[in-house]
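Trainee: I have a structure I would like to understand better, so I am pasting it below and will then ask my questions one at a time.
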Amino acid sequence: MDGVIIIDHPLVQHKLTIMRKKETSTAGFRRLLREISTLLCYEVTRNLEMTSERIETPLTTMDAPVLEGKKLVFASILRAGNGLLEGMLDLVPAARVAHVGLYRDETTLEPVEYYFKAPEQLGNRLVIVVDPMLATANSAILAVERLKQQGASNIRFLCLLAAPEGVQNFRSAHPDVPVYTAAIDSHLNDLGYIVPGLGDAGDRMYGTK
Ligand code: PRP
Ligand code: URA
């Protein structure tokens, strides 16, 4: 599908399978999410623009490659987005961070916003929005709208698991924002859960219900 990138690296797929298992513990789930997030981060940043910088090695000078432009912004959709955020910051420690606090109303499946804080000058930066789950996509669509209102114009959305309905809704709402995901599952059930999925990512990460 246009604008959708499946991250099918064997390590990502293996770790995702363990995360899906209902017997995987809270501690195990959290550790795997952190591990997998570094691999997802590697893929979502694969084609960043580069420039060069004149440096001195112990032997000589050279023009060496460095990232071009302003620092990246990672935008975490709370709370489960923080599970991806931590591993991504391990790889890109200088990234700026935006937090978008949303929860899904269980009956309407509409997102309710409770917090928003983003760095200034979003317009000059690549913003990578992270949330493990893209179900109806209502949360992701609102998060991206809020970031665009703050000036963001170069945005990528990164998740672990998506439903086909969510991918379609998201791409219709934000055709300029590519979606990176490790898998697109079968469908959403009547309660808006991804099937086969992995359950509620936030609850599995934090041991809540
Ligand atoms: C989950 C998930 C996404 C959202 C996806 O969060 O982390 O943010 O649901 O569903 P959608 O695509 O249908 O909007 P939840 O609302 O359960 O909040 P939490 O992260 O605080 O657990
Ligand atoms: N949010 C989750 O955490 N899991 C789903 O399957 C759907 C929404």
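Yeah, the Cβs are placed from backbone N, Cα and C, and that goes for glycine too.
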Trainee: R79, D131, P132, M133, L134, A135, T136, A137, N138, S139, D200 bind 5-phospho-alpha-D-ribose 1-diphosphate in TrEMBL, but which of R54, R96, R104, R156 does that record place at the same site?
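Mentor: TrEMBL lists R79, D131, P132, M133, L134, A135, T136, A137, N138, S139, D200 binding 5-phospho-alpha-D-ribose 1-diphosphate, and from R54, R96, R104, R156 it also lists R104.
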Trainee: Just checking a number: largest C-alpha distance across R79, R104, D131, P132, M133, L134, A135, T136, A137, N138, S139, D200 for the 5-phospho-alpha-D-ribose 1-diphosphate site, rounded to a whole Å.
Mentor: 17
Trainee: Taking the Cβ of A135 (5-phospho-alpha-D-ribose 1-diphosphate binding site) as the centre, how many other Cβ atoms fall within a 10 Å radius?
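Mentor: For A135 (5-phospho-alpha-D-ribose 1-diphosphate binding site), the 10 Å Cβ neighbour count is 26.
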Trainee: Return the members of I194, G199, A201 (the binding-site residues) with CB less than 6 angstroms from at least one atom of ligand 1, or none.
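Mentor: A201, in sequence order.
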Trainee: Given A135, S139, I194, D200 as the binding-site residues, which ones have a Cβ positioned under 6 Å from some atom of ligand 2?
Mentor: A135, I194, D200
Trainee: Among the binding-site residues listed here (I194, G199, D200, A201), which has the Cα closest to the Cα of A137 (5-phospho-alpha-D-ribose 1-diphosphate binding site)?
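Mentor: Comparing Cα positions, the candidate nearest A137 (5-phospho-alpha-D-ribose 1-diphosphate binding site) turns out to be I194.
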Trainee: Roughly how many Å separate the Cα of D131 (5-phospho-alpha-D-ribose 1-diphosphate binding site) from that of D200 (uracil binding site), to the nearest whole number?
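Mentor: Answer for this pair: 12 Å between alpha carbons.
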